[in-house]
Each structure stands twice: as structure tokens, then as C-alpha cells.
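Taken verbatim from TrEMBL:
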TRANSMEM  67-88  transmembrane segment
DOMAIN    67-249  domain 'Membrane insertase YidC/Oxa/ALB C-terminal'
TRANSMEM  137-158  transmembrane segment
TRANSMEM  178-198  transmembrane segment
TRANSMEM  210-227  transmembrane segment
REGION    265-289  region 'Disordered'
COMPBIAS  265-276  compositional bias 'Basic and acidic residues'
COMPBIAS  277-289  compositional bias 'Basic residues'
Amino acid sequence: MLYALRYFGERKKKILTGLSLIGLMAFLTACSNQPITSSSTGFWDRYIVYNFSLLIVWLSKVFGGNYGVGIIIFTFLINVIIAPLRIWQSKMMNKQLELQPEIDALKKKYPGTDTASRQAIQEETQKIYSAHNVNPMAGCLPVLVQLPFMFALAQAIYRSPSLQQGTLLWMNLSKPDPFFVLPLLAAIFTFISSWLSFYSQPTMNGSNKVMLIVMPVFIFISAMGLASAISVYWVASNLFMVLQTLLFQNPFKIRKARQEKELKKKRLERELEKAKRGQGKYRHGKKKK
């Protein structure tokens with residue numbers, strides 16, 4: 001199972017991870033509604049959820065006493081912590097794109113759909129990745145790292161009496177946004193974040209196009225039924241990802257650099273072809289003499 005997952009499409013892995021994230025979060029939110037306090041038992045409740053709620057409350061007091069602002073600051077702190085992982089993930093994805101011609105050559109080398117052919121492609125693909133220090137599972141890691149933070153945030157909101165009374169603008173943070181503004185913003189920033197990550201790629205395949213549309217729609221529908229605090233987390237997190245991408249892995253610069261590299265390569269090929277033709281004419285003229 002793990003071996004097969006390693007070669008699962010990068011975007012499909014992200015779709016499955018995203019769906020799992022939302023489903024598991026909803027499950028954990030529903031599995032317990034007892035208030036979280038310093039007397040709570042169990043490692044998760046006492047040391048994770050309770051301390052997360054304390055941190056959000058403390059941040060809220062520091063930044064004006066608004067719990068919504070506290071959640072936004074909390075989200076930015078979490079994203080700062082995992083930012084190096086995202087940057088590493090982006091570099092791994094760029095390396096995979098550079099190796100894609102070699103992977104495509106393997107598919108031509110083993111065109112069959114039988115188990116032996118697919119196994120051969122997987123084994124040689126792994127050799128190529130290993131030779132270039134590429135981890136094909138890099139796309140899942142940042143999302144998986146966020147899972148416990150999102151679970152803890154959901155539990156802290158639903159089970160902390162103080163946070164349940166929190167508001168942001170017109171919204172009660174423990175209830176869905178009645179006007180669907182936050183779900184819409186969460187979907188929009190999810191789309192922008194995904195589009196930026198795809199823009200730096202040479203081409204966009206079918207699964208990428210599907211993800212570009214499906215994920216924002218899924219986020220919007222899910223956010224309509226979840227606490228506004230979760231939508232605040234999604235909006236702030238995706239906004240941070242957009243800013244991080246533009247600052248550290250700017251897709252416009254990457255795309256421009258790739259186009260310049262391709263133009264330079266084509267120019268060099270034309271010059272070499274021109275030089276070969278010139279040499280051919282010179283030799284032909286010499287023979288006539």
C-alpha cells in the first residue's frame with residue numbers, strides 16, 4: 001500500500017489528503033463535546049487541546065481581546081513553523097518536473113499496462129528519484145503536519161466555553177457564517193494558492209485542472225457547515241501560503257526563467273545547426289576544388 005502510494009500522482013495525493021483532513025477533522029469535532037479544562041484527562045485533551053485554547057485566548061488578549069484576531073495570529077504562527085517544509089516541498093516538486101522527461105521516457109520504454117510493466121516503471125522511477133535526492137512523498141508532508149493543529153483548533157473552539165463566545169465582525173466563531181462570506185473567501189484563497197503552484201509548471205495536466213476546481217468547491221461546501229473559526233483558519237492559512245509563494249517561490253519568476261532557458265536552448269540549437277550547414281558547404285566547396 002505504502003509502496004503504491006509513493007508513486008500516486010502528486011495532485012491526486014493532495015486531493016486525497018485534503019479530503020481526509022476535512023473528514024477526520026469533522027469526525028474529531030463530533031466525537032467529544034465535553035468542555036476542555038485544566039482537569040481534563042488524556043494526553044490529547046489535557047496537553048494539546050487545552051494548551052491550544054490557552055494560547056489562542058492569550059493571543060486574543062494581547063491583540064485587543066478579539067478571539068477571531070487571536071485565531072488569525074495563531075494560524076500565522078503555525079504557518080511560520082511549517083513554512084520551511086512548504087519551501088522544501090516546492091523545491092522537490094520543481095525537481096520532479098525537471099525529471100518528468102525521464103519518467104515519460106520510461107513510459108515509452110514500458111508501454112504495457114500489465115503488472116510487470118508497471119512494476120518496472122515504478123522501480124526505475126524510484127532509481128531516478130533516488131539518484132537526484134527527490135522524495136515523491138514531499139507533497140503530502142506539509143498537509144499532514146497541519147492535521148494535529150487543525151484537529152486541536154477545532155476541538156479548542158467547540159469545547160472551550162470562552163472561545164465559543166468569541167466573535168469576529170458579525171460571526172459567532174463557534175457557528176457557521178450565516179452569510180457564507182468566510183466560506184467564499186476560503187474557497188477563493190484556496191483557488192489562488194493552487195493556481196499559483198500550478199502556474200510555475202510547464203503544463204497543467206487533467207488531474208491538476210480537476211483539483212483547481214474541485215478543492216475550492218469542496219472547501220466552500222465544507223466551510224458552510226463548520227464553525228466560522230475553522231473558516232478563519234483556512235482563509236488566513238491560504239493567504240499566508242499565497243504570500244509565501246510570491247516571496248520565496250515566485251511562479252512568475254520561475255516561469256520567466258524557464259522560458260528564457262528554453263529560448264536560450266533553442267537559440268543554441270539553431271546556431272549549432274547553422275554551424276553544421278556552414279561546415280557542410282565548406283567541405284562541399286573544397287571537394288569541388
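Each residue, glycine too, has its Cβ placed from N, Cα and C.
The predicted model assigns the domain 'Membrane insertase YidC/Oxa/ALB C-terminal' (67-249) a mean pLDDT of 80. Counted with DSSP, the compositional bias 'Basic and acidic residues' (265-276) comes out as 12 helix, 0 strand, 0 coil.
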